[in-house]
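S.K.: Take a look at this one; I'll ask things after.
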Amino acid sequence: MAAYLNNQQQMQHPTDPHHEIIPLQRMTTREEATERQRIRDIFDKYDRNRTGLLSIQELKRMINNRRCPDLPKGFVKNLLKTADTNNDGHLDFEEFYQMSREHHYLFRDMCVRYCKLVIPSRNPATVDETGPAMAYQRQISTATVISSERDGEYERSMSLWPPPLTMIVFSIVEIIFFVIDIIETNNQMGTSTNGPMATLFIYNPQLREQAWRFVTYMFVHIGFMHIVMNLLVQIFLGVALELVHCWWRVALVYLAGVLAGSMGTSIFSPRVFLAGASGGVYALITAHIATIIMNWSQMEYAIVQLFVFLVFCVTDLSVSIYNSIYDPYDKVGYIAHASGALAGFLVGIGVLRNLRVRPWERKLWWCAVTIYFLLMAAGVMFHIFYPDHFYPKFA
């Protein structure tokens, strides 16, 4: 069966030739299918001669006479000005609908295109052309899955409501804290840890009893490069993940990485101060890697995407470890990076959406989340029962 229909072609219902089956290439969600039918009803209402064409002059006259109450006047004028793509003085339904679609879904389409650059897309689905369903049922079933050959499963599950604000809000708070510390310390490079925000929120191993520091250190950054790199990942990867997986899932992964980063650093590098959102950022990256692995057979170019993210993580961790050993002035908390990465992988398996759920994957989900909570519980118990291991408090 052909993957797509011609732009102007419309499939006909086998028993009702006036009933339109939606062309696959114009359909991405059930919501849009409903909207298309609504626009079709409006089009048919004004196509009184049933020619499949609307006269632009007649439509303008009807609008000026206020005989089109169901169409916003400004929208219709814009449609009449730009929608006659073949310059024949008439609007067919495809021209009419395309302008409507661009008006309602322009921002959404931009987000879909963006997600396709970040989120792996599903391999083209194959449709069995045999069986009793044959023509009509095959068309309907293909439309129901909403054009698998055009958009990936992740993109089709994308939602703009609620809006993807979690990573944006975190990023704004981080920028505000960074600017406040620059102003208060008069340190234009932002490398001081003596600012009011850093003093109050940084993870300080001598103030471990202030439990909020195990999380709030993510809002404090040291240096422009530090904050810029984290912001890039949060915005360009984190927002895309929110669009597909929902904000609370991404927030759980991110905060799990932040908490694991401080917990791991406190145990394995008990004298190290900690600032920055790298634990959460690495959690986002490895959670994304987890979704690639879990959906390997449904992903396009899965091995390429996995390779790119793994190379990034391994390279950055290697540089951080090297600098921490051979550069006495570089105190990058590579333990936080590694701990956040592990947390993101484990929690990502259990929290982020999966394309096709297999029985063994449900067991893997429970195992991954259980391992994360066991590790965190062990870290808490270690802090409680082995206080001598940690940096002494201020005298």
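Heads up, the Cβ atoms here are built off N, Cα and C, so glycines get one too.
Here the structure is a predicted model, which means the values were calculated and not measured.
So TrEMBL says this about it:
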type	residues	note
DOMAIN	34-69	domain 'EF-hand'
DOMAIN	71-106	domain 'EF-hand'
TRANSMEM	165-183	transmembrane segment
TRANSMEM	214-239	transmembrane segment
TRANSMEM	246-267	transmembrane segment
TRANSMEM	273-294	transmembrane segment
TRANSMEM	301-322	transmembrane segment
TRANSMEM	334-352	transmembrane segment
TRANSMEM	364-386	transmembrane segment
S.K.: Mark yes when the transmembrane segment (246-267) and the transmembrane segment (334-352) have three or more Cβ pairs under 8 Å (sequence separation 6 or more) and no when they do not.
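M.R.: They are in contact.
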S.K.: With a Cβ cut-off under 8 Å, give me the same-chain residues at least six positions beyond the ends of the transmembrane segment (165-183) that come close to it.
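M.R.: Tertiary neighbours of the transmembrane segment (165-183) are 190, 192, 195-198, 201, 218-221, 227, 230-231, 234-235, 238-239, 242, 247-248, 250-251, 254, 277, 280.
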S.K.: State, in range form, which of 214-239, 246-267, 273-294, 364-386 has the highest count of Cβ pairs under 8 Å to the transmembrane segment (301-322).
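M.R.: Against the transmembrane segment (301-322), the leading stretch is 273-294.
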S.K.: How do the residues of the domain 'EF-hand' (34-69) split into helix, strand and coil according to DSSP?
M.R.: 22 helix, 3 strand, 11 coil
S.K.: By a Cβ-Cβ criterion of under 8 Å, what residues six or more beyond either terminus of the transmembrane segment (214-239) are in contact with it?
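M.R.: Hits for the transmembrane segment (214-239): 118, 164, 166-168, 170-171, 173-175, 177-178, 181, 189-191, 193, 197-198, 200-203, 250, 254-255, 258-259, 262-263, 266, 274-281, 284-285, 288.
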S.K.: Please indicate, using numbers and ranges, the residues of the same chain that are 6 or more beyond the transmembrane segment (364-386) and have a C-beta under 8 Å from a C-beta there.
M.R.: 208, 256, 259-260, 263-264, 266-267, 294, 343, 345-347, 349-351
